[in-house]
């Protein structure tokens, strides 16, 4: 069996990736989220596949087909609830994974980081087109509002929006193509995950100290397989609790009403995992400016490696930078809260201040903190 594992071409790849992979001996539970994201992706693809067997992507029957899945299909309610709440778990793990990368300086593996950012954007696109499929009120109006943002692009904006819609409004053509996108994108994500891992295994994992771990490596199996299994059990416990006891807690009540182009919901808001970006979009009272800020809030992750000023990689021994990091986390939680509030005072000004602080922390304060800490650590000879 050992010979087969180490010599058979296909098994050899799996062996080098998940079994005999040399891993740092000191990586903490923050390194569990990569494998949890992999499991989330598998759960989403499997539940999505079973949902797609019963779903119809037609404006007249889409809403009814989702109701049919929940009422008439064996365990359809469970599959649907797992898929909807699985998306929330996916994003929770994704944000923690990115946060870990920023805290411990993992972004200095530039290829791995850049592919990770592309992965995050692809997952966000998949979640957006997926939210449109049940064809409830928030699905329809969410699709209308967000696709309409593209009309802010000078000269080609309106043409581009109508091209994406497949007509003059969000309608049957839009729903059909969104279903096609929602079906194909997870497989593109799967391919990108393999590339992400390929680049990660070129360098090996980072570790909490941020120093070279090559002198002290242990095999991935059994040490980290068992550690990942514990994380997986805890994640499944949370997911199953959500899906079984309060499946609609993170959803929007408006989506229980079939889509009606003649009736706008009082507050159009996306799922919780988009609220921080939505708050940044709304904080600028100009359409094009808002769209650019929205894009910048996500694409800023790509320039984080260029903004690294410290001689140390990790924030483990850098208390001032740690304060900046936790300010950023608190700021993102504030933005998430603001994104779910109506557009009125004091929420407008809080959103604008939080948006300004978001960019300031990443572009100005964190690099300055790194430089200042380096200055403090320079030996002072009398």
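Even glycines carry a Cβ here, placed using N, Cα and C.
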Listed range which Swiss-Prot flags as transmembrane segment, given the options 33-53, 54-74:
33-53
Pairs 6 or more apart in sequence, C-beta under 8 angstroms, 3 or more of them: is that satisfied by the transmembrane segment (77-98) and the transmembrane segment (226-246)?
yes
Using a cut-off of under 8 Å between C-beta atoms, tell me which stretch among 33-53, 113-133, 178-198, 288-308, 320-340 contacts the transmembrane segment (347-367) the most.
320-340
Selected stretch (most C-beta pairs under 8 A with the transmembrane segment (113-133)) from 33-53, 178-198, 226-246, 288-308, 320-340:
178-198
Could you pull out which residues elsewhere in the chain have a CB under 8 Å from any CB of the transmembrane segment (178-198), counting only those six or more residues past its ends?
17, 38, 41, 44-45, 48, 52, 55, 57, 112, 115-116, 118-119, 122-123, 125-126, 129-130, 132-133, 143
Looking at Cβ-Cβ distances, which residues of the chain lie under 8 angstroms from residue 201 (ubiquinone binding site) while being 6 or more apart from it?
16, 17, 21
